[in-house]
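Participant: Pulled the feature table from TrEMBL, pasting it below:
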TRANSMEM  A:21-41  transmembrane segment
TRANSMEM  A:47-68  transmembrane segment
TRANSMEM  A:80-102  transmembrane segment
DOMAIN    A:134-338  domain 'ABC transmembrane type-1'
TRANSMEM  A:138-160  transmembrane segment
TRANSMEM  A:172-198  transmembrane segment
TRANSMEM  A:204-221  transmembrane segment
TRANSMEM  A:253-274  transmembrane segment
TRANSMEM  A:320-341  transmembrane segment
Amino acid sequence: MTTTTPELTSVTPARTRLPSWSPWAFAAGSLVLAFLVLLVLSSPTPAGVVLLGAVVYAVALTVTSRVVEGERRANDRLATTLVTFAFALALVPLVSLLWTVITEGAARFGPSFLNTNMVGVFGEMTEGGVYHAIMGTLYITLAAAAISVPIGILTAIYLVEYGRGHLARGVTFLVDVMTGIPSIVAGLFAFTLFTLVFGPAYRAGIMGAAALAVLMTPVVIRSVEEMLRLVPNELREAAYALGVPKWLTIIKVVLRTAIAGIVTGVMLAVARVIGETAPLLLTVGIVADVNWDLFDGRMATLPVYAYRQYSQGGIGVERAWAAALTLILIVMLLNIVARLVSRYFSPKASR
Amino acid sequence: MAVLSPPKVGGRPDQQEPRARRSKGGLAGRLFEYLSVGAGLLILVTLAAVAGFLVLRAWPALTASPEELQEISWFGSSTFLGYVGPLIFGTLLASLLALLIAVPLAVGIALFISHYAPRRLAQSLGYVIDLLAAIPSVVYGLWGALWLAPTLDPAFRWMTDFLGWIPLFEGYQPPAKNVLTASIVLAVMILPIITAVAREVFLQAPRLHEEAALALGATRWEMVRMAVLPFGRSGVISASMLGLGRALGETMAVLMILSPGFLYSFFLLKPGQHQSIAANIASKFPEASGLSVSALIATGLALFVITLAVNMFARWIISRRSEFSGAN
């Protein structure tokens, strides 16, 4: 501490540096040390060793570096350590979540779980599955997409191709604001809208679809807008020069160039709303069998199914995990397909 | 607005020309334009309708007399404000705690991806963090209630034993269904959005400033502190606001983890102290009818107003920033 002042004033190039392999050596050393300490104190667990090892590593490396390399290098090493730890820490929930869902969900997951519904399943019976919930989820999400994709694409076209002045700026702002609507508020909105029109006891899949559409539309608009803005202006001008009217240019040139990006954006938006629980809990509820009528009666959906089974307890928790696994598989599938579409079908040099 | 449309080729002087050419688009062109303008207007109408319908349905509860409100079995207060107050408090407490945990982490992760990780890895590392955003909230709820709560149990025991003299950490009772667990899950859920925005901003930090700092002999951390962080400050603030907006409205994680209570309480480790607006609606709505539906919708309206304010603030900061950053 006392000797740092003269060193700070003379930042000489001749300062000794720690060798480049020293972080690795320190990491290994601290892990071993942490293991030994925990062995002496109590029984070492992997989590405990890593946690204690991380602390030992940060302290030891910083102190050594301060002694050998001086304060500035020591701070630099500390910052690098902390930033790397932040990233590693973020991986903990991701890995543990995926791991728990897979291991716990595998207990009940299987063809029979995917192919049965909950009709006549009571108490601690081990039968029962999610067929009706998968169908309900797909049905409602498709309906939501059918509402929000045309509106979203048209709004994006308006913003990119036609929009000028106050109205366009206002719409852009409101789309941003709409992105932030809490999902439960969207559910309440759909509930009030439909119960005001059809009476207070009305429950139907379309209510859930409307709520999801409110959440999905701004996401679609954002991604489609971004894709349309990537379309080079030269293409539009070339079409105009050939005498093609503006609306045909948009449909035949602009949309066709951006189609891969649009598909990707829509699929990502679908992946985002397919796991929404709260609005469906309020509007659609849960039933034991498949309901094919979107406009009448409650429907089962995967997220609500998982929640209901969880709050039932007992064997329901196993079903909840399996349903969660099903849901994650669907979402991941959508994400992967979306990325593949954007990778293989988009025009080159799209960033 | 209609006049300005097609090619820029003609130049400004004769505005009559584009209009004439435009009519070649004919009815179809006109129709297409109206359709797209209509879609834009529909966004306006939808947002207005959300607010309008909520106010309409909440009105009976907002104007009801204390006696009427007392008839709702779970209504523990004689005025609406008295009921919604603790809920707003619980919502804000859980979200702000989540923000407190998530923002430093997210800044660290964003810096790691933008300035520390090997260039070739950076993009895939970004995808990994984005994966967190793809996981449905009900799965987070399951994970938080069944994995995280038991895992945190020893840590919370330790905190209440050794830090219990700080009122915040007093009186932990297992299972860990308290507001801190809920906030940790919320923090994980808002981590990806804050990271994504912060990463974008850090990547936009002027290269010349960074290289100048390095050329003057700065270490990497000094370069980050002098050239990247000041540039990214407003971006990080608005990213946090967006994250806060998410956390405020998040339902399932809180509903499945927190054991509810309606108090103004700062005991983070005690169960049965707090409840958030969204989780409260989700837990009571399926059984509600009549005036109690209105009361719940009124709390939803309060949530809508709060998130709207937070989001507008965030967007305002972003738009203000983009005006400035055009100059550099």
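Placement of Cβ uses the backbone N, Cα and C atoms for every residue, glycine included.
TrEMBL labels come from automatic prediction, so no person has curated them.
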Participant: Counting only residues 6+ away from its ends, which parts of the chain sit with a Cβ under 8 Å from the transmembrane segment (A:172-198)?
Facilitator: 155, 159, 163, 204, 206-208, 210-212, 214-215, 217-219, 221-222, 276-283
Participant: At a C-beta cut-off of under 8 Å, are there same-chain residues at least 6 beyond the transmembrane segment (A:253-274) that contact it? List them, or none.
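Facilitator: Contacts with the transmembrane segment (A:253-274): 137, 141, 144-145, 148-149, 152-153, 157, 161, 212, 215-216, 219-220, 222-224, 226-228, 230-231, 235-236, 239, 244, 327, 330-331, 334-335, 337-339, 341-342, 344-347, 350.
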Participant: Could you pull out which residues elsewhere in the chain have a CB under 8 Å from any CB of the transmembrane segment (A:47-68), counting only those six or more residues past its ends?
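Facilitator: 16-18, 22-23, 26-27, 29-31, 33-35, 37-38, 74, 77-78, 81-82, 85.
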Participant: Who are the long-range neighbours of the transmembrane segment (A:21-41) in its own chain, taking Cβ under 8 Å and residues 6 or more past its ends?
Facilitator: 48-54, 56-57, 60-61, 64, 77
